[in-house]
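Below: the structure, in structure tokens.
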Amino acid sequence: MEKNQSELAFEKYRLEETILLAESQLKQARLDNEGNSEEIVFLKKEMRENSAHSITNLWNSQNFEDLIELSQYQNPITEKLLDYEKIANKITILKKVIDSPYFARIDFRFDDEDSFDKIYIGLSSLKEDDTKDILVYDWRAPIASMFYRFSSGSALYEAPVGKITGEIGLKRQYEIKKSKLEYFFDADVQIADEFLRKMLAQNTSSKMKTIVETIQKEQDVVIRDMEYDLMMVQGAAGSGKTSIALHRAAYLMYQGSSSSLSANNIIVISPSTIFEQYISDVLPELGEDNVISVVFDEILSDVLQCRCLQTKNQFLEIMMTNSCYERTMKDSLQFKTSPEFLKILDRFIDDLPYRWIDFEDLYYGEKCIAEKEELREILLKGRKTTSLGFRLNQAAEFALEAAKEYHREHENQAEYMKIKEEIRRLTELNIPCLYSKMFEDAMYFHHLAKDIELPCDIRNIMEFTQDNLISNRFYYDDAAAAVWLKLKIYGTDKYRGIKQVVVDEAQDYYPLHYEILKLLFPDAKYTILGDMNQTLEKKEDLSLYENIGKILNKKKATLVTMDKSYRSTNQILKFASRFIQETSAMESFNRDGDKPEIHPASDGFELCGKIISEVKLCLDAGYQSVGLLCKTEKNASFLYEILKGKLKIHLIKDETAENVEGVFIIPVYLSKGLEFDAVLICDTDSENYKSEEDKTLLYIASTRALHRLNLFCKGEISHLL
Ligand SMILES: Nc1ncnc2c1ncn2[C@@H]1O[C@H](COP(=O)(O)OP(=O)(O)OP(=O)(O)O)[C@@H](O)[C@H]1O
């Protein structure tokens, strides 16, 4: 008891000391930035007053010195602005530190020392300005890794200078909120598990949270890995893949501060906007605000410069609600994202200069300055070694040189501008339009596909594609193919700086998509996380990762498997495991809850009544997010119309939803990657869920639930249940 009291007194004192230091640094930082902003205002004023001449005349001035004069003012301003931003960032971090400076402590004795050092671990580090003593270590610091990997006893960590060994005497965890020590406990394995169980038993929120306090050893190994160029994780639903992805991005940023990796060198690729929203708080909470986060579909529309491409989710909705097209759409997607189709696209690119790029003789006034045969010859030369885009540029350069030469002797500004514009257009191919050409004539398509194995329903696929392209609809499958075509022809420098790519929900992408990533980020290292059991319109197994490895072709690649699921209760996991292959082991974190139940109803009225009572029960139990899941948006909208007058409920049917909280109805495919306190799967009748793929939908839907899962149906229950 006495010992506890003195420990408590010590910890309170230590916390006070830490907060005092953080507060004094915050005060200083605020002062520094007041100074900075005054100086910025002063410098701007000075620039305006002293360089008025330069600015007003700058754009039509031929005088290089004007520019230099302006930059003399601009540079100090930019420097001060950078300084300001850096300190503003420090202020944000210090405020967080003051609120909760650390969450753990390990007492570590280095092998060559006699006493134990107290290592406090928090979201960010805190250092004495003068002595440089570290009061709090960033959770990403090498020494902090021991907290995640060892219990008391011998321990080691990898420091920049090599392996450091020693002994851990104590592991302690803290709950500090609003600068107040709520409690602390000494954590052996059992107590740490109990703490995690308590955390997992809490309600979820509409935004994903950080897990720094409870990262598990196997997760930490992936988060801190620096050895592999391609790190792949196959993880069961709820095993923490997304959490790992984001904590790894934060870790790489931390590592990067010593190896010049900056925020714009890391990109996190999400499968949908709703998912991107859901994860958007994690990196800022970890103190990393600026990591690039992008939805895969956005990359496609960005490359193709077309805002109206169909998203994967729109594709899925049409596929699932139009049974007559379902087979064809699936086969079309499978085919157009396959290596076979890539070969056809490759042949099409080779054929473009012969058949589809129509050069004309180029005239400056009356004078022909470049004949079409000359231009074509340039285009055909070097086609084995250089890209088509490059050769188009060469042809344009040739024509431009000729135009310039003629212009020198026969100056005619209007003609010169006209021909320059014509030459510029030489390099521009209309990719969507060219892509359509491949499908306009079946004979031509089969000519390109000679000796390549085609799907048996290629005729249907061709017709389906023609119909879509004629009506100017760029379906998901065609969009990706056209993007690949454009990248292969022109390449892109847009993402050249990216050194690390993090891809979540890897199972949703096809070989073509990984080919696209390879073209976009040729020199990057990759972290790829997925679950082969969560594919919607295709079947995957472990070969998924083998194929990714082959496509990305990195020197050092590895696959880590994670079977333990942290999201759902034992009962929910057990229920969900009936929807996946028996070989896919799934272990729960041993948290108990109610057994999922199936509630059949004889008509819509009864169904509605049962759903309403379950929702009320969930709300009474204090659940904050209650998800009513339906197979499609069509089913979801139908249910919404019935329930909207009877419950406070909202419908989430597109990806723009900001916050998924309260009681809501959502199609299963949109709920991927998200989680809710309670889930009601509302349309589990034999009509909706009958195929192997529907089984996957049920798996995804069931594993969204943290604490409670119930299934409802009108009429005959699906035989998959
Ligand atoms: N070490 C951990 N400590 C605390 N919570 C954890 C831990 N690992 C995972 N979780 C929690 O488990 C839940 C599932 O995590 P996450 O969404 O990252 O899993 P996932 O593998 O991406 O799931 P899915 O594939 O189903 O989308 C989240 O609530 C997350 O906070």
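Positions of Cβ are set from backbone N, Cα and C atoms, glycine also.
Per TrEMBL, domain 'UvrD-like helicase ATP-binding' is recorded for 214-569.
According to TrEMBL, the ATP binding site annotation covers Gly235, Ala236, Ala237, Gly238, Ser239, Gly240, Lys241, Thr242. Non-local contacts of Ala237 (ATP binding site) by the CB criterion (under 8 A, 6+ apart in sequence, same chain) comprise Asp531, Asn533, Gln534, Ser565, Arg567, Ser568, Ala576, Met586, Tyr699, Ile700, Thr703.
With a cut-off of 6 Å between Cβ and the nearest atom of ligand 1, the binding-site residues Gly235, Ala236, Ala237, Ser239, Gly240, Lys241 reduce to Gly235, Ala237, Ser239, Gly240, Lys241. Taking the mean position of the Cβ atoms of Gly235, Ala236, Ala237, Gly238, Ser239, Gly240, Lys241, Thr242 as the ATP site, the remaining same-chain residues with a Cβ inside 8 Å of that point are Asp531, Met562, Ser565, Tyr566, Arg567. Taken residue by residue with DSSP, Lys241 (ATP binding site) is part of a helix.
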